[in-house]
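Among the features that TrEMBL reports, ATP binding site is placed at 93, 94, 95, 96, 97, 98, 99, 100. If you look up TrEMBL, you'll see 349-376, 603-630, 660-697 marked as coiled coil. Per TrEMBL, the feature compositional bias 'Basic and acidic residues' maps to 537-552. Annotated domain 'Kinesin motor' per TrEMBL: 6-340, in sequence order. Annotation comment: TrEMBL describes 482-518, 535-580 as region 'Disordered'.
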């Protein structure tokens with residue numbers, strides 16, 4: 001276990017021109033802050049209200065750059081995470097005090113990036129410095145909005161919205177969010193793309209104190225797993241870093257929030273109040289119960305607050321006199337957080353596969369050492385490998401000769417040989433018992449005392465009296481026991497017992513329509529089984545593959561064909577996009593639209609079949625439950641009436657036997673139907689991918705066609721005709737119709753000005769440009785009206801500003 005340590009708490013003061021120098025003072029060591037309030041003279045001469053406060057912290061950051069903030073607050077926690085220690089960095093404070101700027105920073109300027117992007121950069125830089133380890137990095141982005149959990153990365157095309165709501169689950173390894181997507185990132189640029197994707201989905205709103213106020217708590221988590229490249233090392237370490245950007249506490253009288261923003265502020269203040277209660281409980285050593293489950297925020301951060309991680313708090317405050325009450329509240333929270341202790345420990349785990357290989361190597365080495373020891377002790381015949389059939393047969397022969405008296409003793413070689421000797425004694429004893437029993441059966445008729453049917457048959461034949469003594473013809477040797485004539489031996493079963501085939505035929509002739517074990521039921525089950533066998537899907541799969549190839553092979557109609565295209569007269573006013581989209585689907589996009597509809601119909605047909613299969617599975621499950629109940633009733637009835645055994649085997653009646661057969665058949669049907677349902681789900685997933693591809697292709701072709709037909713000026717189109725290497729659709733319409741610079745021009749200029757000073761920023765800007773282009777494309781398509789029905793969107797709307 002690790003050593004206990006206090007939570008680190010820092011304060012960052014937001015720069016302002018109206019700083020209250022008379023009320024806020026910093027300590028000389030830059031680790032304390034003093035607050036002084038003037039007494040209110042309106043309360044009279046006797047006024048005992050507190051006017052001075054002093055707070056001891058780990059550091060006060062005033063007029064500090066983003067570089068200094070990261071070096072002071074986060075660098076140590078991130079570097080220790082690669083050594084196996086969990087870490088949590090949290091920003092807390094009043095709304096508009098700079099929490100999001102501290103955590104995320106300004107994405108427009110590389111130098112103003114916050115703790116989160118700098119932590120990602122440090123992680124990948126340190127991975128490059130550790131070539132002896134294979135380190136994998138995964139990230140997730142969680143949002144807590146109005147006490148509901150949302151995945152900020154669910155808008156990615158390969159994730160999609162979750163059907164079931166996300167929940168917080170606890171296990172011995174810690175707390176995790178069920179349903180939250182975790183994404184593997186192999187390079188720095190991919191991690192930045194995921195960060196910017198999540199930032200575009202965050203919910204913000206505007207009020208009097210902050211134009212872009214975060215309306216939710218966000219937790220960006222970096223998961224790391226480090227394996228040694230040395231194959232003999234079975235240990236590996238795991239760790240995670242939680243970067244928490246809390247929503248700011250609000251005073252409704254100052255923010256002037258109304259409507260939805262007011263409701264959001266209520267949820268934010270409530271969750272922050274529960275967070276403070278949990279912190280107070282953690283700081284009290286006498287408290288046994290910590291109220292983590294009061295809200296989603298404290299529950300999700302349960303293993304971070306006072307757990308086995310390095311905890312760092314950054315409290316953002318205003319330096320203005322008008323906000324002094326909120327500043328005091330934030331500083332009290334920071335001082336309470338410093339009372340919380342954590343116990344960081346390295347998260348070590350073991351690779352089972354490597355451990356088995358190491359144990360095998362160690363076993364082989366120990367065998368070699370034993371072989372050397374035996375050779376030095378003149379024990380060359382000792383073998384530690386498992387015995388083969390020849391050695392077992394030799395030990396069996398030695399045991400038999402020992403029992404017969406021809407062998408005086410058995411030589412002891414090793415422990416494995418001793419165990420096999422005892423085992424062969426057991427085998428020989430069992431064989432001799434069987435030989436004695438078979439010899440007695442050849443001469444006498446043996447009756448089991450527990451076989452009441454055989455005993456009653458012997459008594460009826462007059463071979464046994466009422467007291468259980470056997471009688472019969474003397475054998476001539478003056479013994480009291482007699483030898484019964486062979487014709488009346490009770491070993492034969494009475495004729496009243498019917499064979500199993502006769503029992504089946506009798507039960508089949510009975511009226512048993514309502515009985516669950518009648519012969520008719522067996523026939524029906526067999527027929528239904530043949531009906532439920534899935535038909536061959538090879539033809540359908542081949543059709544889908546051919547359509548996939550057909551979709552991927554569709555190309556836009558080139559404009560440089562030998563025959564000059566006769567273009568219709570362009571209308572003076574471009575038509576609306578819904579009308580143009582219908583026209584496009586009937587003309588140029590007819591082929592893609594046809595393939596899209598066919599794939600959609602196949603997907604719907606697979607969904608229908610999956611629904612029917614699910615209903616059949618449920619029906620079979622209900623029938624299995626009914627059969628189990630009937631079988632349990634028969635077993636309990638048999639136990640009450642008394643159980644019968646024959647040679648150690650339980651005797652059951654006909655009805656229970658038929659129930660067992662029926663249950664076995666129903667389980668087989670259930671497995672077949674479930675396998676068919678799994679196959680259908682796989683086909684549905686494949687069909688969904690084809691439908692998404694066709695939808696995206698249809699939208700892209702429509703956008704190109706609409707720009708060529710109605711947006712690009714005709715004189716520019718004339719320059720794009722025959723003889724030109726540029727075809728319509730290759731150049732963005734914004735580049736053609738506007739003389740202004742586009743995103744690529746701005747990015748090129750940005751590279752020329754910024755990269756010489758900061759060459760590490762290329763991944764940051766590449767990811768930012770990709771995210772902006774994606775957002776621009778989504779907004780452009782959705783504004784059109786018609787094609788937006790085919791866009792897969794998240795189940796909630798971002799930026800719900802009143």
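Heads up, the Cβ atoms here are built off N, Cα and C, so glycines get one too.
Note: TrEMBL annotation is automatic and uncurated.
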Average pLDDT across the coiled coil (603-630), rounded to a whole number: 91
For the binding-site residues 95, 100, the one whose C-beta sees the most other C-beta atoms within 10 angstroms: 100
Neighbour-count leader, CB within 10 A, binding-site residues: 93, 96, 98: 93
Other CB atoms, at most 10 A from the CB of residue 97 (ATP binding site): 27
Long-range Cβ environment of residue 94 (ATP binding site), under 8 Å and at least 6 residues apart: 248, 249, 250, 316, 317, 318, 323, 326, 327, 329, 330
Spatial neighbours, same chain, of residue 99 (ATP binding site) - Cβ under 8 Å, 6+ residues apart: 91, 92, 93, 214, 245, 246, 248, 314, 316
